[in-house]
Amino acid sequence: MPGIDKLPIEETLEDSPQTRSLLGVFEEDATAISNYMNQLYQAMHRIYDAQNELSAATHLTSKLLKEYEKQRFPLGGDDEVMSSTLQQFSKVIDELSSCHAVLSTQLADAMMFPISQFKERDLKEILTLKEVFQIASNDHDAAINRYSRLSKKRENDKVKYEVTEDVYTSRKKQHQTMMHYFCALNTLQYKKKIALLEPLLGYMQAQISFFKMGSENLNGQLEEFLANIGTSVQNVRREMDGDVETMQQTIEDLEVASDPLYLPDPDPTKFPINRNLTRKAGYLNARNKTGLVSSTWDRQFYFTQGGNLMSQARGDVAGGLAMDIDNCSVMAVDCEDRRYCFQITSFDGKKSSILQAESKKDHEEWICTINNISKQIYLSENPEETAARVNQSALEAVTPSPSFQQRHESLRPGGQSRPPTARTSSSGSLGSESTNLAALSLDSLVAPDTPIQFDIISPVCEDQPGQAKAFGQGGRRTNPFGESGGSTKSETEDSILHQLFIVRFLGSMEVKSDDHPDVVYETMRQILAARAIHNIFRMTESHLLVTCDCLKLIDPQTQVTRLTFPLPCVVLYATHQENKRLFGFVLRTSGGRSESNLSSVCYIFESNNEGEKICDSVGLAKQIALHAELDRRASEKQKEIERVKEKQQKELSKQKQIEKDLEEQSRLIAASSRPNQAGSEGQLVLSSSQSEESDLGEEGKKRESEA
């Protein structure tokens with residue numbers, strides 16, 4: 001006969017929703033078998049009880065056998081073979097129904113006993129195991145719930161031991177009960193065939209014995225058919241016995257192997273933490289807020305599917321989307337005095353979930369898995385190898401290198417295969433300066449023991465006025481474009497360039513140099529290494545607004561400006577050469593009251609887009625600002641030239657007016673002189689007028705030369 005559908009006993013300890021769904025199918029099949037066998041039992045019982053109704057009962061039996069093919073068994077894998085067999089039985093029984101007599105003893109032994117035994121023993125055993133399993137499952141859920149509520153701050157060894165022992169006992173009981181329940185359901189598939197065929201075989205044998213003299217109704221073909229059925233029943237029984245023995249052995253092996261797993265927090269030395277996972281599944285407690293200060297915790301089955309975190313409640317056929325974890329952030333948190341809690345925040349910061357793992361191993365594996373998925377490692381050809389390589393790079397970044405060259409070759413693609421002098425050829429416009437920079441020590445770039453700031457200072461902090469002063473006045477004093485003081489707000493609003501990017505702040509630290517991109521690379525390495533050492537996963541998300549005047553970090557929820565970086569103070573910016581989502585820039589500000597005391601701070605960010613786009617946007621803003629400044633200078637120069645020309649024009653007009661007045665005065669003097677005056681008087685008047693005219697002419701020439 002075809003293969004028998006079986007429940008996987010090996011998956012009973014995991015107790016996943018898929019296993020529970022498959023169990024529901026088997027339970028539905030057992031219910032269908034029970035209903036059908038009850039009808040068949042009633043039909044055969046009528047044969048046994050009532051001699052007078054034997055014919056009618058036989059006819060009903062034949063009818064039920066014919067209707068077997070119309071039954072819908074969820075696990076009816078061999079319906080065609082069984083239907084054809086029962087159809088043939090139905091025909092024979094229908095032919096013999098008119099001449100059957102009551103043979104109560106033979107029918108009781110050969111027909112009623114097997115089906116009664118199946119009904120009273122096997123089916124009741126299934127019902128009993130189902131009830132026991134349900135009780136064990138409820139006890140296990142209650143024990144897990146009590147264990148999850150253990151206080152981390154007020155830890156009591158006695159209470160913890162009792163709760164842990166309770167979890168161990170309930171989990172062991174549930175596992176053992178579930179394995180035996182699965183075994184009984186698997187065995188039921190064999191017993192179903194036996195319970196169907198063996199009573200029929202006994203019934204026919206009783207009829208053969210009764211009608212031994214009626215050989216005309218019992219030909220050789222029928223005997224051959226019955227013999228084949230008997231052989232099939234024996235084969236099914238032997239197969240069942242072998243399978244039962246195998247399942248019992250599997251149960252024993254699993255009980256021994258699964259004993260350490262009954263503990264909710266297994267020994268980490270025996271079960272090491274795998275940090276290279278890109279897929280994970282298991283039960284987690286999810287925190288759901290029910291009010292302003294109240295919340296509930298629901299235990300659900302969570303699993304990752306690509307870049308999505310899925311959840312599935314017990315009894316559901318399939319899981320549903322819980323959160324998109326691409327580009328998300330995950331970190332361990334303390335929540336309601338519960339252990340092993342972690343928080344997942346979506347890439348846009350609008351959705352977050354707090355989950356609780358069952359053990360420390362699950363807690364760290366979930367955080368590492370979600371962190372790997374957030375980096376989209378699962379999209380590569382070999383996700384686990386890529387995750388292992390990334391984690392190994394993080395560990396190497398934490399380990400100090402003996403030289404500056406070795407520290408930065410790990411950050412450059414193909415850096416290990418190039419000779420040490422290859423860096424000087426890729427320096428671009430820096431020329432020979434990169435050769436000198438390669439020989440510098442680490443202290444020449446970043447001061448030793450420099451503190452790292454992992455969070456953004458709020459605008460309402462006490463340091464903000466001084467910081468604004470450093471960014472504002474200090475930036476204008478060192479402005480390379482020569483901008484004059486003015487309203488920053490109006491300049492930002494009138495800016496030609498407005499580009500907005502979503503970034504997450506990784507950290508900032510003071511640097512000692514700001515003339516080479518290696519400063520940014522080294523700062524990235526130290527900040528990432530510090531985050532890895534201290535297990536800092538939280539990042540502050542902001543909107544980075546790039547304009548022609550400044551860079552602004554804006555709170556995405558309140559739209560409040562967190563920090564403002566004047567564009568002239570941004571003297572250097574670069575992108576990580578391997579992880580293009582990482583970028584940073586160096587800000588040169590006034591470090592104190594003295595304008596000559598300047599300090600440089602390097603800020604590192606992670607973006608959803610490529611960091612090169614943000615750096616290109618900053619470069620474009622600087623170019624636009626430079627051209628705007630050049631245009632402003634040219635405009636001011638042109639205005640100055642026009643003012644000089646206008647002044648000269650006014651002087652010339654004034655000179656012409658003076659000359660015109662002199663000429664008019666001369667005409668008046670000439671007209672007023674009399675021709676009959678004495679020569680001396682005429683000479684005196686003429687000499688006086690000439691002297692006055694000459695004085696005025698000299699004065700006009702002097703003014704003209706001055707103009």
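A Cβ is built for glycine as well, from the same backbone N, Cα and C atoms used for every other residue.
What you are looking at is a predicted structure, and each value in this text was computed from that prediction instead of being measured.
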Candidate set Ser403, Ser432, Ser691, residue annotated phosphoserine in Swiss-Prot: Ser691
Swiss-Prot annotation, phosphoserine - which of Ser417, Ser429, Ser594, Ser694: Ser694
Feature coiled coil in Swiss-Prot, mapped to one of the ranges 467-517, 620-670: 620-670
